[in-house]
Structures are given as C-alpha cells and as structure tokens.
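Novice: So that we are looking at the same thing, I have put the structure below in structure tokens.
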C-alpha cells in the first residue's frame, strides 16, 4: 500500500501515496506533470509511447521487452527527485508553505491547459461527476499545503515518515466508501503504522518531557505532525475519489480541477494570513523553480516506472524516500535522527512493504 498508484495513477507529489496493485490508473495526488510531460495522443500507446503501438501491429513474440530493473530504477529516481523537492521546501526561508503551493498550482496549470485544449475534453466535466471533481480539487490542494507546512515546521525525516501513513487511511476509506475488503492483514499494518507515528510524535503522556532531536519547540513539532497526518488523510481521500470516478473522467480534467481550485484556495488563505509576497532572496526564488522541476521529475519517473513494472515492487522501492530524507537531514541540517525516529520509520516502512508484498503476491496467483 503506498503515496502513488499504477500506470497513470500517481499522486505524490508527496511521499507515502498508495502504490498498490488494485489502485486504478490515474490515482496519484499530482501527476499532472508526469502525464502532461509524456502523455501520448489518442492514437498512441500508453505503454510504448510510439505513434503505432507495437502491441497492435506486431506479433507478441516480437515485442521488445524493457530492460530488466529499469522500472525500479525509475522508481528510485522518483524517490530522489521527490526528496530533493522536499528538501528545497524546507530550505526556503521567506516563503510561506501556502505560497509555495500557489506557485506550484500556477506551473501545473500552464502544463495542463494546453493538454486539455488538445484533447478537447472541456473544462467542466460531466455533470454527474462535478461534485467529485470539486472534492478532488479541494482535498488534493489542501493535502499539498499541509505537507509543505509539515516540511517547514518539523524534521525532514519525521515529516516524510508520517506521510507514508497514507495507505492506512486509503484502505480504511475504501472499506467504508467503496466497500472494498478490509482484512486482518490490513488491521495489522494499520497498527504498525500507528506505532511508528506514535514513536515520532512522542506524546508527553507516554514519553514524558523528553524532546531530544526535535528541531523546534514541542508545540511547533506537534503542529507539523498534525499537518503531516492531515496530508495523509486528505491524500487518501483524494485517491478514493479518483477510484470512485474511475476512467469515466479524463485524468487531465481531474488535474485541472486540482490546480484551479488549489490556486483559488491558496490565494484566499494567503490574503487571510497576510502572507502574500514575492520572496526577497534570489536564492529562494531559485528554490521555488527547482521545487517545481524536481516535483515534475518525480511524477515523470514514477509514471514511467509504473508503466513497465508491477506496482508492488515500485511501492517497495518508493520507500527510499525515507532513506533519502534521513541522509539529507544529516547532511544539510546537521541533524542526526533520534532512535525514536528510526524506530518509527522502521514500523511505517515495514507496514508499507508488507502491504505491497501481500498485494504483489495476491496479484501473482
């Protein structure tokens, strides 16, 4: 269970999105960039991206097999790009998390708009699905703002690990809303995730007043924790909504609602907070550009990985997000994660890997 899905269905931008074999294509949090960058026209094959699909014009025996391990390599590159983007969000000093989200929405809008015009899908969508499109847009953009806030207010490794709790909420919401099966294994993975998050949060009534390893005051750390958990909840809700709509709505249209409503939401919040301003430091402006570029790269690579590799192995490789977060925290912030964080990461990653292996095993039967 992980934060991104099968070919064509990747959220992520944020870590911890579900990457399970039963997740429908197109269920990722913000793959606008990924699909926009490599989306073939209607006459092309989504798998090979050629103008004439080899699967329709050549015998099965003549198909060219992808390089072994290439899909996992793409997944590793996606994890690296996402981690760099997260690092840059934390490095930005003079830009509020909501304003970073607004800049990202503008960039994605510039990418998605020509795609919608080319595909002639319209900008409103079918009447029966508009409520779901609106919910997808609002919940998805809220998820993005929360994770950016979490990265800015707590340790990079802590925030990254907590975001990987998203699959737990996805399985619960899918059980409630979509009547999908919730097995004892899912309950076990949920307990592992809850244990991991508890080790990172370290509530005083369980751990006393020990706050070693926490960057800011405990109250700020707690706000960042709630933001990271909120991101996981909203990301899971978005994925369930995308599953509900299935393929009846063009995927670019779901992204369009995401960026448009996200931009409206961020502008309103910025005016309320009085935080709307261009960054004063030229370095921060450069960071904003690279945040968008590396976020785009993460989506491109995860989409390509899911096109040529099963979702289970990709989900396992995606947990490298956590490894990169630990490395970046030590190198760039001189902050060695505590054993509490390490223990929490082991629990959450074990939950994600266990769920992914189980789904992989079931699909291979």
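Even glycines carry a Cβ here, placed using N, Cα and C.
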Novice: To which of the residue ranges 52-69, 286-303 does TrEMBL assign the term transmembrane segment?
Specialist: 286-303
Novice: Where else in the chain does the transmembrane segment (131-151) make close Cβ contacts, counting only residues six or more beyond its ends and a cut-off under 8 Å?
Specialist: 11, 13-14, 29-30, 86, 89-90, 97-98, 100-101, 104-105, 125, 159, 162-163, 223-225, 227-228, 230-231, 234-235, 237-238, 241-242, 244-245, 249, 253-254, 257-263, 265-266, 269
Novice: Can you say which of 70-89, 101-119, 157-178 has the most Cβ pairs under 8 Å with the transmembrane segment (185-205)?
Specialist: 157-178
Novice: Across the whole of the domain 'EamA' (223-351), what does the mean pLDDT come to? Round it, please.
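Specialist: So the average pLDDT across the domain 'EamA' (223-351) works out to 84.
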Novice: Give me the DSSP three-state residue breakdown of the domain 'EamA' (223-351), ordered helix, strand, coil.
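Specialist: Final tally across the stretch: 108 helix, 0 strand, 21 coil.
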